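**Q** Below you'll find the structure I mean.
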Amino acid sequence: MDVQPLLKKLGEGKTLTVDEAYRLARGILLGELGEVEVAAALTAMSVRGETGEEVLGFVKMAREAAVRVPLEVDAIDTAGTGGDGAGTINLSTAAAIVAAAAGAKVLKHGNRSASGLFGSADFMEAVGYNLDLPPEKAARLVATVGFAFVFAPKYHPAFAKVAPVRRRLPFRTIFNVVGPLANPGCVKRQLVGVAEPRLLEVVGEALAGMGHVKALVVHGGGVDEVSTEGPTTVVEVRGFKLERYVVSPGDFGAPVTPLPRARSREEAVARALAGLRGEDREAAVAIAANAGFALYVADVVKDFRDGFELALKTIEEGAAYRKLVEAVEASR
């Protein structure tokens, strides 16, 4: 395909429309562009800052190229862009498990860590989850167990075409934002954490354009999670409406608590498991905070306070850890 007009437009600092971004993403993911062209496009967007329309165009193509999970239930996903360098445990994955134990249907989509301590796939693999889950089984587990994890490389094989270029670029690209939004089950409800405040509206606009029923984009004072250390900025998406506001731990009934951090993968796994068992208070509170937001997105609860209370109760009563064990066993 002839992308020269699009590259010229990007080189001039101009933004792409949704359709133009879709066509560029199509050329990249189908392997029709050379590495120099791909690098030029990704660099131009990264330097200028990706727009909601550009992210939406790329997500549309990514979903089109994905192996589809044939969901028959209204499911949610919890994911973050990563890259915050905060060294926290994988809260979005643990929160997804708690949300499932508390009544939400969850299709968790994730990958190994590219730069941080460990990603969602690293955690799920560490606890014995089968990462080679076929799409039909994933859909069945969401309906019956309430939780399934799908490994991004298995469901987005086209992303492999751009991997060599991404590895050579010394900065994050639009694909770091697209990945968390490209759930192969095409869920209509998501909790998305972003590492940069500027991405709150960018991701919110993309989610609105994707036709989401309800979604939250969060940035917790430097981390791509709901923070228990201080304020979290939220962009709530309902249909095509975006609303921005700030919440503090006390607003949803949580004590101000340090976020659980780890210095090794082993410690990160251990703290996440201890949090799910209610044995690590810092981890349990942070996991419950994020799970509470997920339960709000799933419409299991009416507000964040009810969500936090239900999530913490689910952890303290042992249901969260039992759900993890059940999910791991069902995946095999």
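Indices start at 1 and increase along the chain as displayed.
Using the three backbone atoms N, Cα and C, a Cβ is placed for every residue, glycine included.
Okay, these came from Swiss-Prot:
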- Gly80, 83-84, Thr88, 90-93, 108-116, Ser120: 5-phospho-alpha-D-ribose 1-diphosphate binding site (BINDING)
- Gly80, Asn111: anthranilate 1 binding site (BINDING)
- Ser92, Glu225: Mg(2+) 1 binding site (BINDING)
- Arg166: anthranilate 2 binding site (BINDING)
- Asp224, Glu225: Mg(2+) 2 binding site (BINDING)
**Q** Out of the binding-site residues listed (Gly80, Ser92, His109, Asn111), which are within 10 Å of Glu225 (Mg(2+) 1 binding site), Cα to Cα?
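**A** Within 10 Å of Glu225 (Mg(2+) 1 binding site): Gly80, Ser92.
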**Q** Relative to the Cα of Asp224 (Mg(2+) 2 binding site), which of the binding-site residues Gly80, Ser92, Asn111, Arg112, Arg166 has the closest Cα?
**A** Gly80
**Q** Same-chain residues six or more away whose CB lies under 8 A from the CB of Arg166 (anthranilate 2 binding site)?
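**A** Those within reach of Arg166 (anthranilate 2 binding site), by Cβ under 8 Å and sequence separation of 6 or more, are Leu42, Thr173, Phe175.
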**Q** What Cα-Cα separation, expressed in whole Å, is found between Asn111 (anthranilate 1 binding site) and Gly80 (5-phospho-alpha-D-ribose 1-diphosphate binding site)?
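**A** Here the two Cα atoms are 11 Å apart.
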**Q** According to DSSP, folded down to helix, strand and coil, what is Arg166 (anthranilate 2 binding site)?
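**A** SS state of Arg166 (anthranilate 2 binding site) = helix.
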**Q** Over all shown protein chains, what is the count of other CB atoms within 10 A of the CB belonging to Arg112 (5-phospho-alpha-D-ribose 1-diphosphate binding site)?
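**A** Its Cβ has 17 other Cβ atoms within 10 Å.
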**Q** Under 8 Å between C-beta atoms and at least six apart in sequence, can you list the same-chain neighbours of Gly80 (5-phospho-alpha-D-ribose 1-diphosphate binding site), or say none if there are none?
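**A** The answer is Ser92, Pro180, Val192, Gly193, Val194, Ala195, Asp224, Glu225.
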**Q** With Cβ-Cβ distance below 8 Å and at least 6 positions apart along the chain, what are the contacts of His109 (5-phospho-alpha-D-ribose 1-diphosphate binding site)? List them in sequence order.
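**A** The list for His109 (5-phospho-alpha-D-ribose 1-diphosphate binding site) reads Asp77, Ala79, Phe149, Val150, Ala152, Tyr155, Pro180, Ala182, Asn183, Pro184, Gly185, given in order along the sequence.
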**Q** Counting across all protein chains shown, how many other Cβ atoms sit within 10 Å of the Cβ of Ser92 (5-phospho-alpha-D-ribose 1-diphosphate binding site)?
**A** 27
